Amino acid sequence: MFSLNNQLELRKIAISSLITCIYLPSIVTVISYKGLLYSLGNGSTFYVLLLIYIAELLKSFYLNSNVVSKKIKSKMQARDVINSGIFLLGVTFCFFVGMILFGAPMLDSHEETLMISALLTLLTVFPLVAHAGVESAMQLLFGVKHFSRDTIIEMLVNNALLTVCGAWLGAVVIPLDWNTPWQKWPIPCYLGAIGGHLFSNVLTILKISLMSAAEKNPVLNFVVSVLNKFNLSK
Amino acid sequence: MLSWLQHRWTGLWLLMLALGALTLFLYGFFPLKYHSGKFAHMDDLPNFIDGIGIDGQEVYNAGEHSVVLMVIDGLRYDFATEEYMPFLGELLKNKSACIYVSVAEPPTVTMPRIKSPERKKEKAQWRRTINFWRDIFASAMMTGSISTFADVALNFGAPAVRGDSVLRVAASRGRHSVMYGDDTWLRLFPGLWAEHDGTTSFYVTDYTEVDYNVTRHLDRILSPDEDLKPIFDFLVLHYLGLDHIGHLEGARSPKIKPKLIEMDEVVKKLYTAMRQWSRTGVLIVCGDHGMRDAGGHGGASPAEVLVPMVVIKTDDGFRCPHPNGPGPTVGQVDIAPTVAWLLRAPPPGDSAGRVLPALMPADVRQHLYLLHVLASHNAKQGLPTDTEFFKQFQRAEKQFAQYLATGQQSAAKIAKEFYDESLDAMSKYLTETTAEFDLFAINFATVLLYILAAAASCATLYSLQTEIRKPSITHHQPSKVSLLLAFAIMFIIFSIILVISCFITETKSSFCSFGPLWSIAFFAAALVLTIAYFVIKTGVEKVKDMTALKELNAIDYLLIYGTLFHSWSFFGTSFIEEEHMTWYFYWNTLMFFVLIRTVVVIVTYLSKRWSGATETQEKPELEERMSSVGVSILPQWVLLIALHRYLRTMNQTGDRWLFLPDTADWLNAPENSFYLQAHLLIGTLATLGICLWNVRHMNNYMYIHSILTILATICILSYRIASESLETPFSDIKSWDTITIVNLFWAILIIQALYEIIIYAGIFKSCGCDPGTKKFGYSKPKVKSEDYYYEPAEEPWNVDSVKLNLVRSLSHIMLNDLMLIVILLMRPHNVIMVPSVFVTSVMISKCLDHKLLDGRAGKGKEVADLIGQSLVHVWIGMVFFFYQGNSNSLASVDLGSGYVGLREYSPWRVALRMGLHAYAGPALAGAALFCRLALVSDTWQRYIQSVWRVCNIYALHRIYAVAVYCVVAVTFRHHLFVWSVFSPKLLYDFVATVFTVQALATIAQIVLLTNLTRWVASLRF
Ligand SMILES: [Zn+2]
Ligand SMILES: [Zn+2]
């Protein structure tokens, strides 16, 4: 559970999660409405990734608006941007190679694999890099440095983990004999990643709502205490 | 009975009992056809009808006929209409032909519609379709009896139909049979064709050439000789194009209609040619099964099961006796007695059908005699005599006798009706008893399997305790008499419960028939229940310490829950057909987890090492562990993931993507023979390297083991050259006999094992040639007086350490021999699987080490390590089982592996080799695990305890998987896919259980052999 001492951070996290819960389903709904769901893997749906990039960038600006001082803002120079771009490209390449190693088609569908690699990078690593910088993101990725009660980073890491889990579990539906068009690679993993990301954000909103309501309700307060005891908030 | 739980082979005994229970389940689930083994002769024709004499040879005479059987594969019932086949429809309209509805008897396998992408369709080949499922249809038509699923499965390696057939009886009467079409007929009935031209059903995309190969023979074969008589008596034409179109594009394809018009043209050609003959011709046009609208066949829907059977006779006086429209229902088994009658041959020995009504003779006496022949023939096939249809047959016989004596037409009419009724009922009874489930046996076996799974759970949990408290002397132990009394009482109680349940359910099961043999099975089942009850009771009482399970980490939980939920996934048919996807997903998840954990551990270690010495002092054990394993573990793991990714492309398997091209197809193409041979050489030489690496654990006196291993590999390479899988400049090797090479190979392996045991027994020492090795040298330890108190049976020599050395050596000999044998049996492109199994086992054993991942040590860690290692090796075996191209379909069984190095068909040897080839992955993984157990144990007691725990885990896993799957099979026994999806998986599970019993028995044999050799050696000292 998040600590209650920082109401400002909690409100930012709540609004950020709400924005995610609004724009991602909107994108998916528009895609489904337009009948583009089955071409999500193609390069023609690159604008979807662009929309997600812009949304995540705006969210990052919002999350950093009051907390970050002017000094850190001036540090966001071109050199840092180039380093972030290189690092994100490297992460995309790692996702690409990892997906091929774990079962994606090897000789063809490279465009589709690249699309989902880019999506996973945008949903998992890009918010961390945009929020905390390249060095901190690398340290967080490898578990060297624990996020010491930084609720925003905790939320971003949870989002990343559940996004990867969603993409991983999306692969479960590929071998089933439903014969639906959206069982083609990489659409189930693409939607699974988006679903995992949404799920994480919904969990965040639920946790914050529960904590807010627990202050007024003794029964919910007891539930929150029990959850804290069992360490389920982690 | 605590001693049963403490016994180290309890898991093996429970697994054997589970195998017995599974056999009972299979008996109930798969009924076997009654085989009389009787070959029919004309002397078998009855000459007396209820005491009245009749000349059977003279009456049983249909005249001279030539029969043409035209089988159009996949001909659905609605295809035989005027819309699709106009000529046939015209014949039916003016009653020159009769049409019947024939019911294709299940089981017919699912041959699914090909779902590959459009651009890959032309490249797709039906590589694995041996299509032995046409065996069921062809043998039903020729023998007149329905083959069950078990009959086909048990006849797997045997090429030919063993029972009597129309072709055999016709050949014995001097008739000429000719076949053009699917080569299934040549395999099933070898040597019975005067002339043949079989086409392989290899390419499903070929639906024109495969039929042209049949039609091009027609002009020649149909032209008569100078007397206007055809040159054959029986002609079989099997057209496959329609079936192939159905598989490719479905029944609604635009190619269906031209194909049916093409078939109609063939019927017209046949009819026109037959009208020129001086002899009467009979043409039977039928399908073997129908076709779904989506394409394919294999279920029990009417579109797949109902097929037309059109009978055309060129006799001018022939008129179809039935009204227009759909004719009566007949069986495919009715073709055999019909053709036998037309060819003046007796009905085949196991025939259960009847002559088609349109082809029955007009003469009343002949008609009744033919009915009597068929009815009495069916009655001899073990029918119960207290049934209504048998009494009807006896009444019909009396009426027939009265007609023969008096000539009354009314008696003839009555006899005909009675014969018809009894024949229908007899056929129905014979086919139903062939395809009936024994529900009591099935349900009881399932309950038994669950009880045995509970007993195995108790035994396993007991063995996983870290501190097994020895019974103190003050504790009261029940006497042996009271234990035997309790056992006897429970045995009697369970027997009474079983007897009561038999009478309550009023089952007709043979299990409750209390015959001499079944009583043994009955009381054996009660005994099994009693044993399991006592194991469960003792286990519940004695299992207390479960601290070991607290040491499990996330990867262990992934392994445990993955294994548990995998069994329950079989409630979906997709997860049976695509079981490999489940395993690939689990394996990828495991590799992903291990990759993340390894990355985290290495990065932590490197960062602490670079940041400063103060932080490295926080975790000194971490540096120690990392130095033992090395930072190189990470690139090695990534390379292993890449290797598995490549192996996954080697063979496409399952159901949906089976027809896509894979690496094996690419390698087996003629232009890529260089790469195929490179694969073969790399796999074989890598295995040789691994075997030579394993030789250091053996007693390599004078490098005998190295030499023998190299010689065995040379034999394998020579066999590959002689069987033309490998090209070489030494052309004289190609002429060598493959049987001799394989026999030499077996001799080398046997010599290797015997040599090791002889060394250990000390033969060389007594002869004076001291090996001079430290591995098997006996020496007297220092005597400690305080040891005598609680070790009364202490050995005078360091026998335990020598036994451990021998066990290590024998385990590695077993692994080496197994790898070499599997290399010999494998297809050339699959040879690289064998070194890959070993490499995967070694790597994952390193990475799953709890000390590396968690840093703490203890006895609980050891137990958790064993659980993880055992389960991960089960996973490795299953993953490689599917990498090899196996699936849960019988079509993926490689029949060629059974005949490596064999001249003639020997059922047990062929079955053993096919099984070993199919289960090479699990066998190699299990052998690698037991070698690792022998390596990491530093004392004999620890080795025995590790083997005890691992055997229990393996047995529990196998019994659990089988028990859950039996529930699945029972739940879906009336499902559409029961014979095409659920039943093959049951057979695979049975074979897997047999192989697990074999594997654990092999380990038990190694331990027994070690103790036996120790006893022999002790006689010398
Ligand atoms: Zn067929
Ligand atoms: Zn077919």
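Any Cβ shown, glycine's included, is placed from N, Cα and C.
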Matching B:674-695, B:806-827 to TrEMBL annotations, transmembrane segment lands on B:674-695
If one takes Cβ-Cβ under 8 Å and requires six or more residues beyond its ends, the residues near the transmembrane segment (B:12-30) are 148-150, 153, 437-442, 444-446, 448-449, 452-453, 455-456, 459, 509, 511, 521, 524-525, 528, 531-532, 535, 951, 954-955, 958-959, 962-963, 966, 969, 973, 983, 986, 989-990, 993-994, 996-997, 1000-1001, 1004
Using a Cβ-Cβ cut-off of under 8 Å, list the residues of the same chain that are 6+ residues beyond the ends of the transmembrane segment (B:702-721) and lie near it. 680, 684-685, 687-688, 691-692, 695, 727-728, 730, 733-734, 736, 738, 741-742, 744-745, 748-749, 751-752, 755-756, 816, 820, 823-824, 828, 901
Long-range environment of the transmembrane segment (B:483-504) - Cβ separation under 8 angstroms, sequence gap at least 6: 1, 440, 444, 511-512, 522-523, 525-527, 529-530, 533-534
Its residues classified by DSSP, the domain 'GPI ethanolamine phosphate transferase 2 C-terminal' (B:864-1006) shows 118 helix, 0 strand, 25 coil
